[in-house]
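**Student:** In case it helps, TrEMBL gives these features for our protein:
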DOMAIN    2-111  domain 'Endonuclease/exonuclease/phosphatase'
BINDING   ASP13, ASN15, ASP110, HIS111  Mg(2+) binding site
SITE      ASN15  site 'Transition state stabilizer'
SITE      ASP85  site 'Important for catalytic activity'
SITE      HIS111  site 'Interaction with DNA substrate'
Amino acid sequence: ELEKSKPVILTGDFNCAHEEIDIYNPAGNRRSAGFTIEERQSFSTNFLSRGFVDTFRKQNPDVVGYTYWGYRHGARKGNKGWRLDYFLVSDAIADDVHDSFILPDVIGSDHCPIGLVLKL
């Protein structure tokens, strides 16, 4: 409903690595929470097919970039991560995205910050 009056930006930890490129070892994680077929389909159905655009993936179609690394087994040190954090924008403003990026070197939790720059 909000989309009818103005463009929308959704951001946060969606707990879903949407595409295989968004997770280290996709074959070994097919049944892992956050990468099940049902969760990935739900992400597509509830967001992408309703007019939202994954800004990072649009800007960086082939870039492997993670936003989450579990604390176990040195996942961050080995860059064995997941991209769970997103900026999704209304299709109406998708072309106004100047940059969508990940800051993996910022330490402070098991997630790292992400950023979005819009053209005004």
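Each Cβ is built from the backbone N, Cα and C atoms, and glycine gets one as well.
Whatever TrEMBL says is automated annotation, not expert-curated.
Computed from a predicted structure; not experimentally measured.
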**Student:** Show, in sequence order, which residues other than ASP13, ASN15, ASP110, HIS111 on the same chain lie with their Cβ within 8 Å of the centre of the Cβ atoms of the Mg(2+) site.
**Tutor:** THR67, TYR68, LEU84, ASP85, SER109
**Student:** Across the domain 'Endonuclease/exonuclease/phosphatase' (2-111), what is the average pLDDT of the model, as a whole number?
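**Tutor:** Averaged over the domain 'Endonuclease/exonuclease/phosphatase' (2-111), per-residue pLDDT gives 96.
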**Student:** Can you tell me the CA-to-CA distance separating HIS111 (Mg(2+) binding site) and ASP85 (site 'Important for catalytic activity'), as a whole number of Å?
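**Tutor:** So the alpha carbons of HIS111 (Mg(2+) binding site) and ASP85 (site 'Important for catalytic activity') sit roughly 8 Å from each other.
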**Student:** On a simple 10 Å Cβ count over all chains shown, which one of the recorded positions ASP13, ASP85, ASP110 is most densely packed?
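**Tutor:** The residue with the densest Cβ neighbourhood is ASP85.
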**Student:** Counting across all protein chains shown, how many other Cβ atoms sit within 10 Å of the Cβ of HIS111 (Mg(2+) binding site)?
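**Tutor:** So the number of other Cβ atoms within 10 Å of HIS111 (Mg(2+) binding site) is 16.
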**Student:** Below 8 Å Cβ to Cβ and six or more residues apart, same chain only. Which residues does that give for ASN15 (Mg(2+) binding site)?
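**Tutor:** The answer is ALA33, GLY34, GLU39, LEU84.
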**Student:** Would you kindly give the Cα-Cα distance separating ASP85 (site 'Important for catalytic activity') and ASP110 (Mg(2+) binding site), rounded to the nearest Å?
**Tutor:** 12
